[in-house]
Amino acid sequence: MDRIDLTVRQGTFHGIVGPNGAGKSTTIGMAVGLIVPDAGRISVLGHDALRDRSAARTLTGVLPDGLDLPERLTGAELLRYSAGLRGLSRAAAADRVAELIDVLGLAKAAATPLADCSTGNRKKVGLAQALLHAPRLLVLDEPFEAVDPVSAASIRRVLRRFVEAGGTTVLSTHSMMLVEQMCDEVTVIHQGRVVAAGPVAEVAGGLSLEDRFVELVGAETTGTDGLAWLVR
Amino acid sequence: MSTPVPATPGIHPAPPLLTTSTLLTTSTLLITPARMRASMFRRSLREHPGPVVAALAGLLAAAWLIRYATYGDRHTLSLFAGTWVLGWIVLPLMLGGGRGRVQPSHLRLEPVGSAAAATGLLIAASVGIGPLVSLAALAALPVHAARYGAGEAVAAGVGALLLWLAGLIGSSVALEAVGHAGGPAGAITTGVFTGTVMGVFGSVWAVAPWITSLLAGAPDHVVRWLPYFPGSWPLGAVTGPAGRGLLMLGGLAALVAVFALAYLALVRRALVTGSSWRPRRSPITAGSAPAPLTPARPVSAGWWGPGPVWAVAGRELRTWARHPLRLQYLAFAVVYGSLLAGLPTLAHTDRLLPWAGVLAALGAAAMSAGLIGLDGTALWMPLTTHGGERAEVRGRALAWLLLVTPIALLLTVAGVLLAPGVDPLAAWAVLPAVLGAGAAVPVWVSLLRVRPVPDPRHPTSADNPTDIISVLVASAAGVAAAAAPMAWLIWGPQSPRWPALVCGVAAGVATWFGGAWLADDRLANRGAEVLTAAGRRTRPPETAIPLRWDAGWYRENRATAWALGLLTVGWIPVMPQGLMVLVLDISGGWIVASHVTGGARTAVAVAMVALGGAMLLTGLVLWGRRPRPTS
């Protein structure tokens, strides 16, 4: 990352987009304390996330991308473990776990070791654990990757209700359509820097977000030339 | 019958999906995996001294076996040869021999048949130190048979070659089948077997008299059973009637064929499914009922206990019960500790029996020194939770204590009952100290030296991430904690002696808190660093060692060069000059201890072991401190 400056307004749905290797996951990792920046300041809902990590962690729910889970636990066991780790009472944990399993369609994953769950089910279990302690900020890295359309619709509704109730959601994605559908604001990251940020319509500037994105990152879409051996 | 499709103007029949030009030729297919393996092998030689040291030790052992073949007993030699091949099949499971192997799943997307793939993979498997050294060792069989005539030497050579093939293919089968057997039974079996092998090696002093008599000649009851042991068939074929000889060589060929068919089946399965052996995906319910859960019926995840520490402990206990490598480690520790304590009874001493629990706990601590690496990057959960680091450390230590304490107590009680004449106070006093240290210190060590497995979701025995330095540090902590009660017993007042128990408990509590404090500090301040290390799926760049003489490199890397030298040469005083003199009573002009007799001979051999040990330790320290390239 290179002197990144990113502000997410409270009570909004904020998308982070960028090409592969742009620094989206690194940004999210720094925001939630999984990566330590060399210098700078990170504030989460008014708390210094580098100095006062405890307060920031209590307020944040995280769904990282590509990290392992306690693979020998079933989905339900992972949620119970997460609830215990967060200090929830046994009764509250039982109620919330049952409700999340129901709403997110996790009945099968709840009884299957995570090592044997599909990528989509792992994402859903990961999302459930991020929601479990009722955070005020959700930080989600590629939350819809490999999730089936029906589950994705349910998740979108849950996240929309969360934001409408005053929560804040930050998600990174490669889907411009998702950002256009769901996000109030978007930040485009390229080569470790913010190249555009603001309300989605404003960033798009009258184009589709995808076209504007390609323009912003200065890329030329290739694929029209070469490969004669393939298209003969 | 198919009907030819008439050509329609403007519409061309679709070309065949695969043409001969896109299919790999058989010769390419057979050679390519071997080339891949050779590249991996060259790289490993450049990066790490381990293979060179292993090759040197293996060649020394092979040379000794060939020398023994010139004068030794036929049956004993057969036993050694068979045991060698058995070790070749089994040891890679314990030592992580699957790393750097070309695996069937690597060829899954290639247009190859399973027979050709299996042949290519076996050719690749023959490239490496194990096959080369084993071939040299089995040359002892025709060398021994030469005393019966040239024809007999040739026949024994054929038998040795078949035995070598059985070892080569058997080893591949073991790595593919047992190494991928994620189920508890496979893991526990591997742990029991490797624990037995190590336990016997660890008690070699106790079985030394038996080995000495074995070298002079195998006992009659062993000789009677030997014909049923394939290791004896190459020599059995040349010393009996011709018909029996043919039968034995045919038996070896059949064994090779059975192994080859088994390997072919595993390769076929891997090419189809991507894994030769994967546990069935099955839902787990709180009870044992396999019925799928419905939203109407709340999922019971069992008892987790109050608070974050107990949540982590609950997770850990479930993981211990389900993770194949953890089960393997636990089984190994229990068997290893029991055998170390029990085998000396062969030498008519039962003094170690009450120590079975202590030794098992020490083994379990040592084998727990790499657990963080087994879990991959799952640490992100405590790292994003308020107070998560502390809970992670305490919960892991608590789970280990809850798991190992009953086992250690049971083994100690059994040992005390089996050795009523031995004072068990020392073992009882040391046990809490070792348990306290074993619970917490390995957590710190595994956070300090993270060795991730390539696939935390489906680890195999072949992924064994055991790191010798971590194992030594975790064991040393237990030994250091045990020093306090032992010192009380040796130098303290002889009456009353019970305060040694209090001393042991205090030492255990102190090392528990010490280890937990170090681990807390590590995770709280370097959590992100630990997580990065746990997520590394490839080895970081290592110091490149030139394969040819490069004076400039040696000048610039003096410490690394010294480390290589010490790690290579240090085995000579330990093995031939020391342990082989003490255990096998060997002698010879270049054996220093041969030039003196009696107590002086023993003293020289012991000094040689100490000298070699110091050289190897220094080499390890220097190797650990070598500068690493930045990219």
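Cβ from N, Cα, C; glycine included.
Automatic, uncurated: that is what TrEMBL annotation is.
As annotated by TrEMBL, transmembrane segment applies to B:12-31 (among others).
Annotation comment: TrEMBL describes B:52-71 (among others) as transmembrane segment.
The transmembrane segment feature in TrEMBL is assigned to B:77-95 (among others).
The annotation transmembrane segment is assigned in TrEMBL to B:116-141 (among others).
TrEMBL lists B:153-175 (among others) with the feature transmembrane segment.
Under the heading transmembrane segment, TrEMBL lists B:187-211 (among others).
The transmembrane segment annotation in TrEMBL covers B:245-266 (among others). Cβ atoms under 8 Å from those of the transmembrane segment (B:245-266) belong to residues 104, 114-115, 118, 121-122, 155, 158-159, 162-163, 165-166, 169-170, 172-173, 176-177, 230, 233-234, 236-238, 276-277 of the same chain, restricted to positions at least 6 beyond its ends.
Residues or ranges marked as transmembrane segment in TrEMBL: B:327-347 (among others). Here the transmembrane segment (B:327-347) has Cβ contacts under 8 Å with residues 184, 187-188, 190-192, 194-196, 198-200, 202-203, 205-210, 320-321, 353-364, 366-368, 403, 407, 411, 415, 461 of the same chain, all six or more residues outside its ends.
Residues annotated as transmembrane segment in TrEMBL: B:425-447 (among others).
The transmembrane segment annotation in TrEMBL covers B:497-519 (among others). Nonlocal intrachain contacts for the transmembrane segment (B:497-519), taken as residues 6+ away from its ends with a CB within less than 8 angstroms of a stretch CB, comprise 393-394, 397, 425-426, 428-437, 439-444, 447, 477, 480-485, 488-489.
For the transmembrane segment (B:561-583), same-chain residues at least 6 beyond its ends with a Cβ under 8 Å from one of its own Cβ atoms are 49, 52-53, 56-57, 60, 64, 204-205, 208, 211, 545, 554, 591-594, 601-602, 604-606, 608-609, 611-613, 615-616, 618-620, 622-623, 626. Annotation comment: TrEMBL describes B:561-583 (among others) as transmembrane segment.
Same-chain residues lying 6 or more positions outside the transmembrane segment (B:603-623) and placing a CB less than 8 Å from one of its CB atoms are 49, 468-469, 559-560, 562-567, 569-575, 577-579, 581-582, 592-593, 596. Under the heading transmembrane segment, TrEMBL lists B:603-623 (among others).
Here the transmembrane segment (B:153-175) sits against the transmembrane segment (B:116-141); at least 3 CB pairs are under 8 Å, leaving out pairs fewer than 6 apart in sequence.
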